[in-house]
Amino acid sequence: MDGVDELLLRKFNLTLPPGLLRTAFVHKSFSFENGACQNNERLEFLGDAVLGLVVSHYLFETCPEYTEGQLSAARSYIVSGTSIAQIAKELNLGQFMLLGKGEKLAGGMDKTSLLADLLESLIGAVMVDQGFESARDFVLALVGEKLRQVGEFSVDDPKTKLQKLTRTQLVYEVVTEGPPHSRTFKASVIVNEKRFFGQGSSKKQAQVAAAMSALASLENKSS
């Protein structure tokens, strides 16, 4: 894991114990093939909770004009699997993932779900080793660009702003997942022949998150 050590130290001034760091990169398919080897699922569980809390608190403090629904949509955009996996890809973390043979052949190191879980596991590892303050700083460093993008959406509702930019009638497709008592809504919208996704606890939140994703892409291209 020497490459990961160097990456964390160079970009985040962060060091982790070798054993804990390795565990953060062990997918369950690898541990299944290698006996009692511990995988990263518990760290991912913890990291997911830390990520959600840090982003929620940051948005609450810095976006006083946002309603509860807008806060939820912004958080959904930032912590979505797609967004977190994108950050992991930019850091080239997939190459360090320890996967089982089958998962590796299936291209696991490039899968959105596995990359998102990996980054959340890394957040969990920082939490375990160094506590909440260090984990918070790590999260804010990871998602800082996406937080900046969200801050630029405050003048207009993201769906309205996207409509103005594209000057087209946008159609949002929404699907639901999960049991009735715990529904998750996933929305998608096509802009310039590319599909953007978002999710939330309501149709509106999911649509706003999808609009935020599209806006972020459009504004990155124009900058």
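Glycine is no exception: its Cβ is also placed from the backbone N, Cα and C atoms.
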Original post:
Of the candidates Glu44, Glu177, Glu193, which does Swiss-Prot annotate as part of the Mg(2+) site that also includes Asp117, Glu120?
Top reply: Glu44
Original post:
Under DSSP, the domain 'RNase III' (1-131) has how many residues in helix, strand and coil?
Top reply: 99 helix, 2 strand, 30 coil
Original post:
Cα distance, Asp48 (active site) to Glu120 (Mg(2+) binding site), nearest Å?
Top reply: 5
**OP:** Work out how many Å separate Asp117 (Mg(2+) binding site) and Asp48 (active site) at their Cα atoms, rounded off.
**Re:** 8
